Amino acid sequence: MRNHCLELSSNCSSIFASSKSNPRFSPSKLSYSTFFSRSAIYYRSKPKQASSSSSFSTFPPCLNRKSSLTHVLKPVSELADTTTKPFSPEIVGKRTDLKKIMILGAGPIVIGQACEFDYSGTQACKALREEGYEVILINSNPATIMTDPETANRTYIAPMTPELVEQVIEKERPDALLPTMGGQTALNLAVALAESGALEKYGVELIGAKLGAIKKAEDRELFKDAMKNIGLKTPPSGIGTTLDECFDIAEKIGEFPLIIRPAFTLGGTGGGIAYNKEEFESICKSGLAASATSQVLVEKSLLGWKEYELEVMRDLADNVVIICSIENIDPMGVHTGDSITVAPAQTLTDREYQRLRDYSIAIIREIGVECGGSNVQFAVNPVDGEVMIIEMNPRVSRSSALASKATGFPIAKMAAKLSVGYTLDQIPNDITRKTPASFEPSIDYVVTKIPRFAFEKFPGSQPLLTTQMKSVGESMALGRTFQESFQKALRSLECGFSGWGCAKIKELDWDWDQLKYSLRVPNPDRIHAIYAAMKKGMKIDEIYELSMVDKWFLTQLKELVDVEQYLMSGTLSEITKEDLYEVKKRGFSDKQIAFATKTTEEEVRTKRISLGVVPSYKRVDTCAAEFEAHTPYMYSSYDVECESAPNNKKKVLILGGGPNRIGQGIEFDYCCCHTSFALQDAGYETIMLNSNPETVSTDYDTSDRLYFEPLTIEDVLNVIDLEKPDGIIVQFGGQTPLKLALPIKHYLDKHMPMSLSGAGPVRIWGTSPDSIDAAEDRERFNAILDELKIEQPKGGIAKSEADALAIAKEVGYPVVVRPSYVLGGRAMEIVYDDSRLITYLENAVQVDPERPVLVDKYLSDAIEIDVDTLTDSYGNVVIGGIMEHIEQAGVHSGDSACMLPTQTIPASCLQTIRTWTTKLAKKLNVCGLMNCQYAITTSGDVFLLEANPRASRTVPFVSKAIGHPLAKYAALVMSGKSLKDLNFEKEVIPKHVSVKEAVFPFEKFQGCDVILGPEMRSTGEVMSISSEFSSAFAMAQIAAGQKLPLSGTVFLSLNDMTKPHLEKIAVSFLELGFKIVATSGTAHFLELKGIPVERVLKLHEGRPHAADMVANGQIHLMLITSSGDALDQKDGRQLRQMALAYKVPVITTVAGALATAEGIKSLKSSAIKMTALQDFFEVKNVSSLLV
């Protein structure tokens, strides 16, 4: 059994040793004597009794509190009685009266609702099917494991509206509805279905959370009253349903700032912090519009208070357990999804933790969540310990996924089983196989989660953090101390940091005013501002006063700065084995040490290994090593004992995609999971390495072994050295593992490690790193295309500003410019003249020989095509799917709607595409997946835009459109199977039409323009399937949240380049009964064509103008394309923002407008018909092909 005590022994720390061994590491040089203080986790004397957070028996001395919480909080006995009446024994235990259960998914990935609900939904489907229930699933997101046809018995990939869900209920007749696995989307749907009478009409029971409990937790007024009933405090507040009511509440509270929280919304959408009356009015308007019940809570600000969360579970026998405590490093005022969080809570005494635990149990009982998981959020005053209850989520949440991965306790799986009658003591713990789920998890490590942001994708928006969530992803890391897990989590973000500090960061060049502002005002880079402030000599007390980040955390961070300073004061050769162990125990990466000692990462690694300083791997076991863990879920540390125990089976290491970001999201995790499933079926042990807590890939039972580690070359090579797998797969995780392909290959070529199975050397499976580089290196790729006689747009590689201007002059404007080696169109732009090109080169990118910029002719008015193809190691190539984009070329493929099969492309063009794709796959020696993008001009010329010999974000969509799991096939061909073995030898062209539409987070980023371009900005996608394109497109728009009007007024404002299409667009909407209004130039064009149109003023032409019509509800659909004129650009931007604020559908491309007209025509002529995925094609059982 491992030692629970994480306190470092002074005997093993040479930094504490006498100056005789190494004078540079003398204690006398420390800034204070507590340099290497103990972790916040202490030895627990009664682990069986305590929960994950109850181990903190000693209160950190640096906390600025006048007293303990004891005198402030009521004893448990003083809480109002919330015990429930005993449950009747006949309903405790698995229910046999239920046969069919419907699960509501979460829909597309949006900010505030991401992969974690695929994780929870997948767990729920598996858990219920294990128990023999028939599962019906509704979800519009194709990039999910839960929507695979084998996950549920009946799968509907369709819009999630009350009317369409009711249609499925009528058709499938489920006995029960489980709404707690799909986030806010599912909860709101369940409430709507219950209140409309649909559930009662068809005899459907809500399980997991009853209607009363959902409303009591989600309705701000009911929740406030409930807390009052049990004697718990909430911030002084009031409920407003109109703007006047909101101002009345503000008057009563009496001071700014004020927090505005809309009811029944996701990720704080529509809410915020108001510091004055103008901001208050704006946020209240937004919140009232965003709330499903037009209700907002206006409450006193608790800015600067500490924030904690507890994950709670309750069963039908009224057993309640606390799964995990979570502490936000950022104080109140920052949405918990945007805060750096730590589990278990680090700055609570045991007594304080027990109080919050008691409150959580009282709350879940008062709200009435009979069974399942809930998340409770607390605010604690750092001065006197006063506690306020912030909110409660009566469902599986983002924090639930984090708590599940942090503890190994599968909250969603347990919640699903509890919903059908099981009690916690009746469900075994999968990890220990000896303890029941009623044992509260105990953990002997620290977990840190850090959010990832994408403000650079939304120019014009302010990079500030408030109560409205804005992060697009997150990383998580585990370590034996906070310092270790924090540094690992930071380098897991893949934002250019190898840890905290030991790097050239912009904040070091800031003056004191800039630094103080960044410390005071929450922003994505505040943690780096803390580093810069400490480096510049700012004291902990001052940083605390500015940031309100707890002094315990600041003390821990200051120690890291001191370690960095020690490293910088000497050379690598001076560092002893003991010194290196102490530095690595604090999470410092080889790259950080190299920076500090002015050496290279490879030199540090060589020295470290020569000294025998290698990581050990610990198991996540839910019980702090009290019982053996049977599931190999590992994290690295520089502790003594290694618990990994690798074996000599045939095995494959799969590198995941890391944290979600725009351009690399759930689609790549989907591919990684399918790879693992397929190779397990083929008899391989699969090993997953990833750092994203939201995903299915990091579920402990997705692969045979899981390493929760950063995706850096250091951490990956450490696992390779330990496991020595037969193969390493880099093709499925997006750009993250691809960047590691060449360094891994160089390492394998140099050291030639042999696999533990004895089958030969460790090697990268699939397409070679050299072929990947050939496709991404522009000069090599151009040479290949010239050899194969494949056409591409005219262009060149610019290594200076002069090069770029010369290429643009040669090919002619407009041109597309972008840096090489990017994903998601990062820093890609269309420019129309020299001045804009110069501006781009000065502001967006650095151009030099080391960082060339690609300059290509922009093919305006061309149609873009996406092709996913599959190639085996025998040279056989099969087209997986050819997708036609609805938006013209120039809009990033990830942001464009697309359809499969193609609808308007001539057969000759399709044949050219098939021929070129096949030739290229063979030339690059592709083994696995490849994605190619083409453009077809109006004259029928075909051009190849780019090729990526890896899995693309369209693979899940294509797989579900054609009924073949392409990622599984790709994994199997890498293992040596042929496409003939898999019975996949020719392109499948389905009879039905599938449409994929992108979903955008514009409402979260006020001030940014919603117009689409070559830089990807969508966070997720939806899919629909129908017999005709028009109905499939309409369904996709509804699923994406676009409420298409069936009548009313259409506003048109088109630039000169798109006016040739204007007549067709206007006639299409007139024939549907719409009225047309247009700005002067557009109206003049239509009048010349004899088309009835009403003129409306542009914003700079006077009042009433187009924005007034939007505000007055006189415009129901808008088409605005951007022109080069500065005033028109400003007007168009403001109108598009106005449309977003008033929820008016806005279209920014001609093709999108024409498709929308077709979709509206379909909606007016016939009702949407819901069809299960299993009715379109037979479910493919890949394992049967391997027999």
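Backbone N, Cα and C define each Cβ position, glycine as well.
Taken verbatim from Swiss-Prot:
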- 93-494: region 'Carboxyphosphate synthetic domain' (REGION)
- Arg220, Arg261, Gly267, Gly268, Lys300, Leu302, Glu307, Gly333, Val334, His335, Gln377, Glu391: ATP 1 binding site (BINDING)
- 224-420: domain 'ATP-grasp 1' (DOMAIN)
- Gln377, Glu391: Mg(2+) 1 binding site (BINDING)
- Glu391, Asn393: Mg(2+) 2 binding site (BINDING)
- 495-644: region 'Oligomerization domain' (REGION)
- 645-1040: region 'Carbamoyl phosphate synthetic domain' (REGION)
- 782-975: domain 'ATP-grasp 2' (DOMAIN)
- Arg818, Lys857, Leu859, Glu864, Gly890, Val891, His892, Ser893, Gln933, Glu946: ATP 2 binding site (BINDING)
- Gln933, Glu946: Mg(2+) 3 binding site (BINDING)
- Glu946, Asn948: Mg(2+) 4 binding site (BINDING)
- 1041-1187: region 'Allosteric domain' (REGION)
- Arg818 (ATP 2 binding site) sits from Lys300 (ATP 1 binding site) (Cα to Cα, rounded, in Å) at a distance of 47
- Query: When DSSP states are grouped into helix, strand and coil, how many residues of the region 'Oligomerization domain' (495-644) land in each?
  - Reply: 79 helix, 10 strand, 61 coil
- Could you give the Cα-Cα distance between Asn393 (Mg(2+) 2 binding site) and Gln377 (ATP 1 binding site), in whole Å? 9
- If we check Cα distances from His892 (ATP 2 binding site), which of the binding-site residues Glu307, Val334, Glu391 wins as closest? Val334
- Task: Calculate the distance in Å between the alpha carbons (Cα) of Arg220 (ATP 1 binding site) and Glu946 (Mg(2+) 3 binding site), and round it to a whole number.
- Result: 51
- Item | Number of Cβ atoms other than its own within 10 Å, given for Val334 (ATP 1 binding site) | 25
- Query: How many whole Å apart are the CA atoms of Glu307 (ATP 1 binding site) and Glu391 (Mg(2+) 1 binding site)?
  - Reply: 11
- Would you report the average pLDDT that the model assigns to the region 'Oligomerization domain' (495-644)? 93
- Task: Work out how many Å separate Gln933 (ATP 2 binding site) and Glu946 (Mg(2+) 3 binding site) at their Cα atoms, rounded off.
- Result: 5
- Query: DSSP helix, strand and coil counts for the region 'Allosteric domain' (1041-1187)?
  - Reply: 74 helix, 19 strand, 54 coil
- Given the binding-site residues Glu307, Glu391, Glu946, and counting only Cβ atoms in the protein chains shown, which has the most within 10 Å of its Cβ? Glu307
- Item | C-beta crowding around Asn393 (Mg(2+) 2 binding site), within 10 angstroms | 23
- Item | Taking residues Arg818, Lys857, Leu859, Glu864, Gly890, Val891, His892, Ser893, Gln933, Glu946, which bind ATP 2 in the record, the widest Cα spacing (Å, whole number) | 18
- May I ask for the distance between Asn948 (Mg(2+) 4 binding site) and Arg818 (ATP 2 binding site), taken between their Cα atoms and rounded to an integer number of Å? 16
- Item | Cβ-Cβ distance under 8 Å to Gly890 (ATP 2 binding site), same chain, at least six residues away | Val816, Ile830, Tyr858, Leu859, Ser860, Gly1013, Pro1014
- Of the binding-site residues Val334, Gln377, Glu946, within 10 Å of Glu391 (Mg(2+) 1 binding site) (CA to CA), in sequence order, we find Gln377
- Message: Helix, strand or coil for Arg220 (ATP 1 binding site)? Use DSSP.
- Response: helix
- Item | Euclidean distance between Cα atoms of Arg818 (ATP 2 binding site) and Val334 (ATP 1 binding site), Å | 34
- Using C-alpha atoms only, work out the spacing between Arg818 (ATP 2 binding site) and Glu946 (Mg(2+) 3 binding site) and round it to an integer in Å. 13
